[in-house]
Amino acid sequence: MTKNYIFITGGVVSSLGKGIAAASLGAILKARNLNITIIKLDPYINVDPGTISPIQHGEVFVTEDGAETDLDLGHYERFIHTKMTFLNNFTTGGVYSQVLKKERRGDYLGATIQVIPHITNAIKERIILCSENSNIILVEIGGTVGDIESLPFLEAIRQMAVDIGRKNVIYIHLTLVPYIATAGEIKTKPTQHSVKQLLSIGIQPDILICRSEKTVPLHERKKIALFCNVPVDAVISLKDVNSIYKIPKLLKNQKLDDYICNYFKLNVPEADLQEWEEVIYAEKNFNNTIVIGIIGKYIKLPDAYKSVMEALKHAGFKNKIKVDIQLINSQEVENKNFQILKNLNGILIPGGFGDRGIVGKLLSIQYARENHIPYFGICLGMQIAIIEFAQNVVGIKEANSTEFDPQCKYPIIDLIKNRPNNSSKNYNKIENRINLGGTMRLGSQPCKLSANSLSRKLYNQEIIIERHRHRYEVNNLLFKKIEAAGLQVTGRSQKNNVVEIIELSNHPWFLACQFHPEFTSTPRDGHPLFIDFIKSAGKHKKNFI
């Protein structure tokens, strides 16, 4: 099977949306019956994003096999219907770690280890390894051309054209074409300079995708084509849109997929984008608008909750409801400032780590429980829902998590068993942590649902598979008293009986789960828990109008 590689680089500034562009292009090519995969190369020194603050990097997307990866992999999965694995994302730190381990073992037979060829060879090997079962491999290179961190990756993809043949490689450069409002003009000079930098590395882009506030007119595209040495048909205008789900159609309308298929000499059927038409239609046509509050501590960067926000939108599509998402800093609720919660039709508390903002989250859960507002807790959102119920309903004021208070007298949430340094008193001391990364319960795990429960009804099956990312879990030895007071466990892991789902029966909609259902939601299908949560929030609005 002939393998064709499409390398996507970025220029001028970061955060132009290379991940969305790669996912959208992948969706179009997948619709042409091509076997697609997408790889993200990240130029930072961290081995993976698992220990990076969400405020700096955005959410950590967990794959089925338990890899902690860049949030762009979430876009890839949602757009191309393909499950990503640990092979689909690697970093400079991961590559150097791999090379240094080999050097320590003596695999290089005493050679002097250098960026070229050892690091670049390792990068190429990882790319090729991930491409085994695909005939089109899209590779997104993080960062911006000109950054020193990206140089080994750029050199590696330059060499790929030499290794496998230039005819099997396309270089796409995504660049900014700014619109200067005071002059009323689009400026192409930054793009020209970015391409010049790319040429200095030895890479001639084949296609330019021009990100701009407005559509780049033909005469400007001709100018870019002339100065950047690409055909005018290969200069694609990608203007700002109000929905990322419009981008596949936007690229298709400019025949980007035709250009690529002709370049690779692929005789494949035209892309049918009907499913994307349906998504766009669902997004525009709704019968109701509701307000959902996400109570968190990383709200300075909305990307920290990217998959949760997308899953809420997907659920809105399925219910013909527009979801207005409000990101609320949990610390603002700590002084019982319930005024900011009054207009919410649903409250969601997502995953997180550490004790900052926990009081505000506990108060938000209490407010939702007592005022019959639909509540959805995810990961940490389940753990603190249990703590809130234990403290305020059961009356166990000492109930807490050892993550927040290692000395607590009633550790209803505690460290996962059988982990290194399992004592929470020791683990919470930084000097006693051998490695923080890779010490969690990660990836897809089976869960058994209780008969006659809401979760069983929504999933319509007894055994479900969902993705996890947590270091703490419910202490089964202390939970019986809480369960007897009315907080039902309706889902447990098959392997070790871990509490996975809780429900409160005397409430319109109160459900929380230890896993992360947002990672498997798609714009076409949504996710059963999110869909019913939004449905319930819609009912709440009608009841309180």
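Glycine is treated like the rest: Cβ placed from N, Cα and C.
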Checklist line | Identity of the CTP-site residue among Lys40, Lys102, Lys222, Lys223 (reference: Ser14, Asp147, Ile148, Glu149, Lys187, Thr188, Lys189, Pro190, Thr191, Gln192, source: Swiss-Prot) | finding: Lys223
Notebook entry, point to check: In Swiss-Prot, Ser15, Leu16, Gly17, Lys18, Gly19, Ile20, Lys239, Asp240, Val241 are given as binding ATP, so which of Asp70, Asp72, Asp303 is in that site too?
Noted result: Asp72
Check: Swiss-Prot has Gly352, Leu380, Gly381, Met382, Gln383, Glu403 down as binding L-glutamine; which of Arg467, Arg471, Arg492, Arg524 does it also list for that site?
Finding: Arg471
Next item on the list: Under 8 Å Cβ to Cβ from Cys379 (active site, nucleophile), same chain, six or more residues apart: give me those in sequence order, or none if nothing qualifies.
Entry: Pro350, Gly351, Gly352, Arg469, His470, Cys513, Gln514, Phe515, His516
Next item on the list: Find, for the listed binding-site residues Thr188, Thr191, Gln192, the residue with the lowest Cβ contact count at a 10 Å cut-off, counting only other Cβ atoms.
Entry: Gln192
Note to self: Mean pLDDT for the region 'Amidoligase domain' (1-266), rounded to an integer?
What the structure shows: 94
Item checked: Those binding-site residues of Glu140, Lys187, Thr188 having Cα within 10 angstroms of Gly19 (ATP binding site) -> Glu140
Next item on the list: Between Thr191 (CTP binding site) and Ser15 (ATP binding site), find the distance joining the two CA atoms and give it rounded to the nearest Å.
Entry: 15
Next item on the list: For Lys187 (CTP binding site) and Asp240 (ATP binding site), determine the Cα separation and express it in whole Å.
Entry: 16
